[in-house]
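The following features are taken from TrEMBL:
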type	residues	note
DOMAIN	22-114	domain 'Ig-like'
DOMAIN	119-206	domain 'Ig-like'
DOMAIN	224-309	domain 'Ig-like'
DOMAIN	314-392	domain 'Ig-like'
DOMAIN	398-487	domain 'Ig-like'
DOMAIN	490-583	domain 'Ig-like'
DOMAIN	588-687	domain 'Fibronectin type-III'
DOMAIN	692-789	domain 'Fibronectin type-III'
DOMAIN	794-887	domain 'Fibronectin type-III'
REGION	873-893	region 'Disordered'
Amino acid sequence: MWFTVPVPVCPLSSDESSGFGPVFEEEPADTIYPEESPEAKIVMSCRARASPPAKYRWRLKGRDIDFKTESDHFSLVGGNLVISNPDKGKHVGTYSCVAANIFGAVVSRSALVQFGYLDMFSTEEREAVRVREGQGAVLLCDPPPHYPDDLSFRWMLNEFPVFISPTERMFVSQMTGNLYISKVEAIDSGNYSCFVSSPSIAKSVFSKFIPLVPLVERPIKKYPADIRVKFSETYALVGQNITLECFALGNPIPQIKWRKVDGDLPLHHEISLAGGQLHLRNVQYEDEGTYECEALNSKGKDWHRANIHVEASPQWLEDISSTEKNIGSAYTMSCLASGKPKPHVHWLKNGQSVSQNKHELKFARLTFNDSGMYQCIAENRHGIIHANSELRVFASAPTFLLSPVKKKILVAKNGRVVIECRPRAAPKPVFTWSKGTELLANSSRIFIWESGNLEIVNATKTDEGMYTCFAENDLGKANSTGSLSITEATKITLAPSNADVTVGEDARMQCAASHDSTLDITFVWSLDGHTIDIDIEGEHYERVDGESSGEIVIKKTQLNHAGRYTCTAQTPVDNVTASADLVAPPAPPGGVRVEEIRDKSLRLIWSQGTDNHSPISKYSIQYRDSASTDDWREAVTSPVNVEGNAETATVVGLIPWTEYEFRVTATNTLGTGDPSDPSPKITTLEAAPVVAPSDIGGGGGSSRELTITWTPVQPEYYYGPNFGYIVAFKPHNENEWRKVTVAEPQARRYVHKDSSISPSTEFDVKVKAFNKKGEGPYSLTAVIYSAQDVPSEAPINLESRPLSATEVVLSWAPVLEPTVDGYQVRYWKKQVETESQHMPIMLSNRDNQTRIENLKPNSHYMMEVRAFNNAGLGPPKRIEISTKKPPPSRPPKIISTRLNPSGSTVNIAWEQVQPLANESKVENYKVLYRPEGQPKGELYITQKQHIDLPMRKGLHTVEVRAQTEGGDGAVAQVQISGGTVEAAQSLSLTTLLLAALFCLGL
């Protein structure tokens, strides 16, 4: 039940009038109570400021809570409601608080109590997901039962706390919790678990692990974009932040693009997670519309659209406030609320419904019974708002204690003055005025207002004197007196004059006035109605004050300083003004927008900016497109010259299917002003292409193929979506063209395979572009030739000649076909290596032999030679060879070095080299006699085991090695200097000692 509120039915005393009805300072809020909460109570807040203090009651689902019979669960602490041991079956519902005192009662906003929970995931094992590499995958989260729905989702990989970071290839939907992988890779193998958190109840759970098994596939296939995460039709409230999700499977990884179908994306949007999420911040009504996400890769594209609806919870446009009204007067309380859907408005008085369900509550004649606490309530499906006020109905005899007539009143000669008379009285009193002892009545210069004020116009010295206001009603009467004095009027004696702006220079505006000598005068300047604050704007303005002068200097004048300057000379009694114009180039036009969009033209509309007091002579229009985001260019208009009185123009010569924005500048006799803000970006309509591909050519390729090449059309000339090429070709001596379609915009070639095509056949080819709107013109016709056949013959007379254990020379007779471009040579160890073990040797058609090095000694090799041309390789010719045994691995052992008696020669002797069983037989010995540090010298070949060498000045090195059919063996060295032996690499110990004694002369 509601309170019975006693309301005074007679005038309040001064003590009583100091009290007031309840005003909420704290109201209950929606509460989610975790079912697993260790704190077994819920506290709902309610506190009101009131005098005398308020008493409180609570309601649940519209029913009064009886604290006596329900004390096990409900208690009142101050104004707060405490629910002990909350029970989901009993205590879920809507609560409201009622606060009341002798002045009335008010009802709080409603608050909903719900129980929050998040169950555990099922303990059943999850099945493995097997996907081929390159395909997309979706791992289902399937969250357990829960309340509320504000869950957040993450995925763990193999163990806690290793969480997956979203990338352009992996996406976790915050709507469903599912994990999406656009294309699976081998590194994705592992066990995945869905991790679910509920911020409302501070609880998290995770699922059983789901094995993901990528299946090897070679080559990895490519798949077109396939959108799997699709945002749904969404309802948002003004001021909210919302997130739209869109993600696609595909290989290559699809690129996600967002757009608003019926306009630009909101300025306050943000795209994250590689395009997977579109965030709209602080949503407004103009953000409503159809949104589209497009997923695109080289294999295809997919798109999804859905509508975003913007609504709003109730907001006050006009509400009520506490007031005091005279008894017997008419009064209207008014509440206006905005919202979508339109809010329903109703009224409460002292917590009880008032029959009127309109935005106004009217009182024709107030009585004391109308006093009380009033509440205006506006609600729609998105919320409820309250506006509270206290209405006091007042009655008293007139009194001037709080608002007496002003004691001293001044008015300028010939001016107008209003003497206020505002006693406190109810009912409204009757007013009369007197000057001295003379009772005043309405005349041509004197008026007594219905409110009680006295007005005098065209005041003269004779109007000076004492004026008294009399007020009387049924409860009594009172009066109050003030004096009126007449002063000299203020007059402008030097008015400012018009001037032109010269940017960067100073400008002056003069102003002087006469005034009553008993009064102070001040000068105030304004620009186009806005007062100039010299203290704040001192960088550009300076005051030059005189006794009765208010000159102002505009320093380093800029275009934005142009306009109408007004000087106001004011005293405490009156003021006068004078104005002048500071003329400049025009201000920027405003409201630039685009209409009537076509493929190559559109209509631009703007609003004229301030002309800065010099008429606008013409407008210029500039544009920039998506290809030139930094450069503004002059647009071509129809008519070419846009007159100064125009607010629209047609822009022509645009490129179809291109994004543009425009701005407008205005020009007058003083120059061109700053440009307007850019228009919203728009895209011109689609059109068929007009530019053909260039550089048509081709030819060559594999046998039975016709290869056609071209330079692609630049993207700005696509003129529409679904852009591609039509390739036409025919044999030169035929009339009928064959046509094929290439759907890739950046394609550069087309290869036509046909077993019936003869080699090196002359073809005519041409290419044109097409898009969704139609086809463009063909390119110039080019002449190309089909591919040659591969060589039909193998090389003959294939011969090999070993040079050493690791080198051979391979030779052959040339293939006598005109189409041969060269020869390919391959080699491999027979039964040990594969044919592709070594890189092939590629030779020109002028070569018929090659040297093959770095072979393995004493090994069997297969060698192959093929002729080739652009069409491929001809038949092979092979030969089997064996490399020689390697040379001896041991160097000759130098056994002596002797100088002849004359010292003109030196004899070097060494032991016979005995090769191993797998080494080549020694045929000769090579002796290299060279200066130390030089790679070249004198080479001697001998079958003996000694040699006489001429002595040379300086240090020399002698190298000795065995010569075999498998090459040269290991080397032995000895150094000789001026007839002495410096060192011997392979000398015996005895020989070294003899050499040492010889050097010492012993």
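Heads up, the Cβ atoms here are built off N, Cα and C, so glycines get one too.
Distant neighbours of the region 'Disordered' (873-893): 790-796, 798-800, 802, 804-806, 808, 810, 812, 815, 820, 824, 830, 855-867, 910-911, 913-916, 918-920, 922, 925, 945, 960-972, 985-988; these residues of the same chain sit at least 6 beyond its ends, with a Cβ under 8 Å from one of its Cβ atoms. Ranked by Cβ pairs under 8 Å to the domain 'Ig-like' (224-309), the stretches 22-114, 398-487, 588-687 are led by 588-687.
Mean pLDDT for the domain 'Fibronectin type-III' (794-887) in this predicted model: 90. Broken down with DSSP, the domain 'Fibronectin type-III' (692-789) shows 3 helix, 49 strand, 46 coil.
According to DSSP, the domain 'Ig-like' (119-206) comprises 3 helix, 35 strand, 50 coil.
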